[in-house]
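Engineer: Attaching a single structure in C-alpha cells format; questions to follow.
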Amino acid sequence: MSTVPTGPTTPAAVPGQSTSPTTAAGTGAEPADALRPHAEEAFADELAALAAADDRPRPARWRLSPWAVATYLLGGTLPDGTVITPKYVGPRRIVEVAVTTLATDRALLLLGVPGTAKTWVSEHLAAAISGDSTLLVQGTAGTPEEAIRYGWNYAQLLTHGPSRDALVHSPVMRAMAEGRIARVEELTRIPADVQDTLITILSEKTLPIPELGSETQAVRGFNLIATANDRDRGVNDLSSALRRRFNTVVLPLPATAEEEVDIVARRVDQIGRGLDLPDVPRGADEIRRVVTVFRELRGGVTEDGRTKVKSPSGTLSTAEAISVVTNGLALAAHFGDGVLRAGDVAAGILGAVVRDPAADRLVWQEYLETVVREREGWKDFYRACREVTA
Ligand SMILES: Nc1ncnc2c1ncn2[C@@H]1O[C@H](COP(=O)(O)OP(=O)(O)O)[C@@H](O)[C@H]1O
Ligand SMILES: [Mg+2]
C-alpha cells in the first residue's frame, strides 16, 4: 500500500547497478563543468522554453505534453522563436509511437543494431518526461536482482533488523515511488530469471518486499524504457510473458547518406564544442567520405549500386563514424593545422573496419583498391588510407 521515502541510496550495496549522479557531498547536484552533463542539464534551456510554450494536456507527473516531448526530440521552432535542436534524426512516427507508449500502461522497448541511438533516445525521453534521465540500470550478464528490485544496507540491517531504513532502493524502485521514467540498458544481456523480476513490476505496477511484508506501489507517471540490441538476439531472449508488457519500437539505420552525414556533423559539432575542438564546416568532405565508406561496407555495395563489396565483421555504425570524425578533429587540432583532412580520419577508419586482423584487412584492401582508388576526387583519401594500411 505504502510508498517508500526516497532516502539517499548506498551505491556500493547494490552491485552491478549504475546509480544516480550523487556527488561525494551527496547533494545530487552536478559539478558545473561535468565532462558529460545529463541531457536534462545540457538542454535545460530548451526544456524550460518548451514547458513555457506547452499548453497541451500533460499526463500525470509529466514535465511536458507528449507533443512537446516529441518536439524536444525531433526539433522545431517555438512561437516565441526559440529553436529546439533535433536530438533524433529519423522518422517522426517512431518518436510519436515511443512517446505515446510511455503515456500508456505498456513499457517501451527500443530495439535496433548497435549505434542506432537507442541509448541516446532513451536518455532524452526520460529527461523530457521526468526531468531526470539518471534512474538507470545497466544490463550485463552479471546484473543481479537487487539492481532492479532493492538491496540492503547491511550495517543498518545488522543493527536494527529489516526495516524501510535498511532498504537500498534500485533506480526502478525510485522511479516507481516518484512517478518517473526508469531506464534499463541492454535488457537482453540480463539473465532471464533476473529479467523476469520486471514482469510483476510492469504488470501489477508493484514491487513486493516480502522481508517487510510490504510493497512499493508505482505512482502515476512511472514507466520504463528498455533498450536491446538486435545482434544480441538469442543471448537471453525476452520471455514472451515479459515481451507482452512492452511496445517494441525498432530504430532503423539512417535511410540516406545525407541523413547520416547530418547526424554525424551535428554530434561531432556538439562533442567538439565540449572538448574545445575547432569547428568543422558543414558538409565537410571528410565527414561525407567516412559516412560513404561506412555505408558501402555495411551495405555490401557501392553508392551507385554498381559494385558489390565485401562487408567486414565490425558494425560500422553511425556512432562509430561520429567517433572516427571526432578523433580526426582532435588530431587536426593538436598535430595539424586545425583543418580536418583525409590523413586525420584514415587511421580511425582503419581501426573501425579492421576488427579481425586477417579477414577484415583483406576486405579493406580490396575495397581500397577497387573502389576508393578509382573514385574521382578521392586521391588524397586513397593515399592517406594506403599509408596507414601498409
Ligand atoms: N538517428 C539518429 N539521430 C541522432 N543521433 C544518432 C542517430 N543515430 C545515431 N546517433 C548518434 O549515435 C550515437 C550513439 O548512439 P547510442 O544511443 O549509443 O546507440 P545504441 O544505444 O543504439 O547502440 C549517439 O551519440 C547519437 O547521437
Ligand atoms: Mg546503447
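Cβ from N, Cα, C; glycine included.
No curator has checked TrEMBL annotations; they are predicted automatically.
This is the feature table in TrEMBL:
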- 1-32: compositional bias 'Low complexity' (COMPBIAS)
- 108-246: domain 'ATPase dynein-related AAA' (DOMAIN)
- 1-33: region 'Disordered' (REGION)
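Surface or core, plus neighbours and distances: that's what I need for these features.
Structural biologist: For the domain 'ATPase dynein-related AAA' (108-246), the mean pLDDT of the prediction comes to 94.
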Engineer: Could you count the residues of the domain 'ATPase dynein-related AAA' (108-246) that DSSP puts in helix, in strand and in coil?
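Structural biologist: For the domain 'ATPase dynein-related AAA' (108-246), the helix, strand and coil counts are 59 helix, 35 strand, 45 coil.
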